[in-house]
Structure formats: structure tokens, C-alpha cells
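Please read the structure below before turning to the comments.
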Amino acid sequence: MLDFLAANPLIALVVILAVGLAIGQIRVFGLSLGAAAVLFVALVVSTANTDIVIPMIVYQLGLAMFVYVIGLSAGPAFFSEFAKKGWKLTIFMLLLLATLIGLAWVLIKSLGLDAAIGTGMFTGALTSTPGMAAVVELIEGIDPSLASEPVIGYSLAYPGAVLGSIVVAAVGAKLLKVNHREDARKEGMITAPLVWKGVQLKPGITGRVGDLPRLAGESIIATRIVDDPHTHRLADPDLPITEGMELLINGTEEAVDRAIKALGEERETKIEDTELIYTRLTVSSPEVAGRTVAELDTVAHGFMIARIRQGDSEVVPKPDTVINYSDRIRVVVAPGRVAEVRRFLGDSEKSLADVNLLPLAIGLSLGLLLGAIPIPLPGGTTMSLGFGGGPIIAGLILGALKHTGPLTWQMPFHANRTISTLGLALFLAGVGTSAGAGFRAALTDSSSLIYMAGGLVITLASALLCAVIGMWVLRLRWDEAMGVAAGTTTNPAIISYLNGQTGTDLANRGYATVYPTAMIGKILGAQILFLLL
């Protein structure tokens, strides 16, 4: 059977994917590996038969797809978060990498390890394939006979790096009794249930209807003006506020109650038997996706947005809230204009299923081209961001841009998740089989255990430092700190595990923030480590 798989790489690929994804769904003590199980299945299969190898282009494309859509998702928040605390994470990442290089140097020197294999161990402990490749290229220019040795150290440390980081994330979450959804809610990534209530404005409240969130100091939105119990009209943000005006406001219950205290007094309001109705529609129009609420000028189209459901979270719309494909929008509209609003927003499942792959192809092309640009280093060598670093930077930038002319860079939620999972699985299957030969050869040497243990020490030090400093110095939530740990390794398997366990995007935020710095830092750091040895 193994010989058959070795002769048929395509069949080997789908078998590894099927078995790995099936094992990944098995839960033990409430934990599961998810797509990360594909890596371990690939490693076992290729160790059993070293001729089973998935072509390199498969996992290069898989990694590029995965990190690109991660960048797209994180892009809108990345630059605003960077201004707040992302720069702190970048400085922390540089200091962490310097510390880990120092730790690796001490381990290699004190244990008398081979310099080339030890440097490979360092790259494997941080699962840096580009870093390992850079060291191989560096050694080829010094002593070509040693060029294969970093691959051995990398192969020995890699499995422990993935498993070690996952164990820290799992055990830490259990010991600290982490409430993943509550942490994400406190960070504004999951909102509390939304409600609506009536309010009559007190004297002295002046301005426009659109000023009410600022005047109340709360994240709310006024959707209706109540002229009498049976006559409601859209709360046009540009309408001037009049004394005693009665409105319907939406937001979380806490925000709405605080807003009512600040603005006036609560009024019992019924929405039945009025000229306006609520209905929920799905965004599928390319003219709408990627635009902000303010850009849509909804009142001119006969409706107001009361709530936006993005993924599993409902948010109160603000003027700068970006509307994305597959967002489900609760609108206030006159019954006679529902069809018009439906045409404007799209509301077509078929359109969402017919994903426009042109922006994806262009974005990936830009990312791969960026990753291929050689960056000169001291000593005449060069480095590049590679097929992981280039696409995630392109994704972050294009995700923040949202759209360029007729091109909408954002993708429907389901398409984004599908491409992400597929790309991750392809990458893990490929990189797992590529490590099998070196891993099998090294297992026959008893000294390989030292390299495995040394790599695990570096991995655990990295994850624990991210946890301790991230939570108690940088004031990150546990999931975001573990996202930073995953970003330090730039390993998709770890972030996939975190996403599966937490059910939120908090880990993704930390991952995307430090990924570019970690990617470049490890490429440089691995070469510096070898030269220091």
C-alpha cells in the first residue's frame, strides 16, 4: 500500500488529507487537533516510506492561500490595532527572537552539538521553513558538503514544535479557566445580544440625529423617529434634533440603557402596525461589499441598517463600519421598498456561491511576487519573504483597502474559511511528507534525542514567554497571547488549532500582527546564529 502511495502522489495527498482531517475531529478531554492532525499523519506515512513525497508546489500554494486569506480577514483591523499596540508587539517579537537565538546558542555550545544541525534545530523549533532554507543557502556558499545537515535538525525539532505549542495553549487555557468568548467580547470581537428601546429626548439635546451616539457616549444607532404610535419614519442621520423628539435606538442592552439616561427618558414603543418593518437581508452585491455604512447613503435608498451580523457576531453599525460579502443585515424599511433594497444589497445565495476568483488570483499573484523579491544582506547573501511572508503582507494591505475600483478584495465568509482550511491542509500534508526522510534517518541515531529535546526547550520557552509577557506586561488576553506564540512560529497548524478551540478571531489578530516581523526575523536570526557558532 505504501509503495502504491509513493508511486501516486495525488492519491497519497488525498488519503493523507482524509485520514488527517478525520483524526482531527476526534476529541480527547475536550480537545481536538483539527487540521493540524494532517501534519502528523503525513509525517508518520513519509517516515514509514520515505518515497512518499508531495510535490513542493502543492504546499507552497497551500501556505500562500492560507496566509493570504488570514491577511484579508485581519487587514481591516490590523493597521488600527498596530497604532494602538501592534508596535509594542513588534518590539516584543524582536526582543523575543533575540532571546531565543541566545538560548539556542547556549544549548548548542553547552551540549556540544553540531553547528549546522543545531541551527536547523533552531529553525525547526520555530517551524521556520524559510529560515532553514536560508541557512542551507548560506552553508552552500561556505561548505556545500554540510548543506543537508540543517534539514536534519529541522526535521527532528519540527514535530515537537507543533505539539509543544499546542500543549501550552491547551494546558494554559485549562489552568487559567479561560472563557474564550467572554475574552473576545471584552476585546470588541463579539458583541452582547442587541436590543432596541424607545427614548424621548430631554431639553438641551441639540445637533443632528447622527450625533446621538457621540452625545450619549455609547455605541448605539437611531433607526426610527416615532411621530405617533402608528407613524414611524427613518431616522435620517442628517435630520436636525427637535425638542421632545422620540426615537427608537439599537445597541447592546447596557449601551442602550446608559444612552437613555444620558439623552432623556425611556418610552414604551411598539413597532407593529407602523409604516416601517424589520427584515434581514444578505449582502451579495459587489457594489456594496467593501464599502462603509456612510458610503452607502442608506437613507437615500429607503432603509436604515439596525444591525449587522458578521460571522457569528452582531454589531451596531457605525459610519465607518465596513460591509462585507455574506454579512446579514437587519434593515428598517417601508414594506413597499423591500424589493428595491433587496436588489441594492443583492440578497442572493447563488451570487455568494459563484465566488469571483479574479481578486483572489490577483492578490495571490501580488503576494507571491512580493515574496520573490530578493533582499540583500551583509556578506553578499540575499533573503526573501517567500511564499508565506509575501502573501500575508499583500492580504493585510488589500484587506485594509477593501476595494480598488471595480475589484472587491474581501471574500464571502464561507469562501474565506473554505480556502483557508484547504490551503492549510495542503501545506501540512506537503511539509509533513518532506520531513519524513530526514526524520527517519535521524531516529536511528541516539544523539537525535538531544536535538529533539533542545528544540522542544526552545519551543516551550517561546510559547511560555509569549504567555507570561503577553498577558502580564502587554495586557493581552490568553487567546491573543497564544496567537502571538503561533505567529512566532509562523505555523498554520497552531493557529488552526487555536481557532478550532476558541471559536473566535482573537488568536488570529495576534497571529497576523506579528507574523511579518517573525517571518523576516527568523530568516535573519537563523543565519546570524550559524555565523555566531
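Each residue, glycine too, has its Cβ placed from N, Cα and C.
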- Note on the structure: Of the ranges 195-217, 241-263, 379-401, 494-516, the one Swiss-Prot annotates as transmembrane segment is 379-401
- Mean pLDDT for the domain 'RCK C-terminal' (263-347), as a whole number? 84
- Near the transmembrane segment (86-108), which same-chain residues lie under 8 Å Cβ to Cβ, leaving out any that are not at least 6 residues past its ends? 78, 115, 118-119, 121-122, 125-126, 454, 457-458, 461-462, 465-466, 469-470, 474, 484, 487-488, 510, 513-514, 517-518, 521-522, 525, 528-529, 532-533
- Spell out yes or no: are there three or more C-beta pairs under 8 angstroms between the transmembrane segment (454-476) and the transmembrane segment (57-79), with each pair 6 or more apart in sequence? no
- What are the helix, strand and coil residue counts for the domain 'RCK C-terminal' (263-347) according to DSSP? 20 helix, 31 strand, 34 coil
